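These come from TrEMBL:
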type	residues	note
TRANSMEM	12-29	transmembrane segment
TRANSMEM	41-59	transmembrane segment
TRANSMEM	65-87	transmembrane segment
TRANSMEM	99-119	transmembrane segment
TRANSMEM	131-150	transmembrane segment
TRANSMEM	171-190	transmembrane segment
TRANSMEM	202-220	transmembrane segment
TRANSMEM	232-250	transmembrane segment
TRANSMEM	270-292	transmembrane segment
Amino acid sequence: RQFPGCGNIVTFSQFLFIAVEGFVFEANFGRKRPAIPIRNYFIMVAMFFTVSVVNNYALNLNIAMPLHMIFRSGSLIASMALGIIILKKRYSVSKYTSIALVSLGIFTCTFMSAKQVASDSSLNREDGPQVFLWWLLGIGALTFALLMSARMGIFQETLYQRFGKHSKEALFYNHALPLPGFLLLAPNIYHHAVLFNQSEPFQVPVIGLTLPIMWFYLLMNVITQYVCIRGVFILTTECTSLTVTLVVTLRKFVSLIFSILYFQNPFTGWHWLGTAFVFVGTLMYTEVWNSLGPFLRRRRRRPKEE
């Protein structure tokens, strides 16, 4: 919120921290050979780096955080579309219905956000059209990142089928190999590092260390991101894809509600309706109802049996 364009320094810090941790504990200081050929990681990393950078720039193009979260929840749509095109998959009617709901929800939220941007831009007739065009560019960036992320998921799925699941290795290489790419963003990263240094001082609780508050925010972001991404990578090997999708969906929903309430982001009844469509459609796609049905029936039988 204070520095909307600081996404690059945030992403660089996350990648650097995870890469250093992986180099020590997973790659054993470079002595351990990867189970998956390194050339495959280069392809995956190119996609991963592109998605991360494009998503960051979208926030700098008049895209509000709630819309950003909702739009990225459309990954099911992109995955299904590319799965049909690339892997020649076919789905049930309920799957297509769920995708239609998610699409409708994203369209509703996007359309209402467009009206908000247009009305805000009308306050200044000279800047109005320019602001709206930047917003449209942001929507285009989100769409591109969504499709690229889905393509990366399909590529990763085929790699795991061929070479087995190596979540910690994939986590390390996905964050270590893109680090040289941040040299292209070095001026922007340095600029925001200077801005961070100029932020108000903050005394860290317990340890009593005083540092600029933006660096404290960045530190907290890096730590929580590491816990999050490590958990997701482990989850993909320990649980079914249904469980992973459901957990990630619930996480997005909690993040969305928190963003709206804590940061007081504009959210109308139409936005709530669109959000409901997105998450109901997502739950339909994961077929969580089919999993809950037998569980609830067992719960009802127990008192009678006792």
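Note that Cβ sites are derived from N, Cα and C of the backbone, with glycine treated the same way.
Fair warning: this is a prediction, and the values are worked out from it, not measured in the lab.
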Answer with yes or no whether the transmembrane segment (270-292) touches the transmembrane segment (171-190) by the criterion of at least three Cβ pairs under 8 A, sequence separation 6 or more.
no
Given a Cβ distance threshold of under 8 angstroms, which distant residues of the chain, six or more beyond its ends, lie next to the transmembrane segment (202-220)?
2-3, 9-10, 13, 195-196
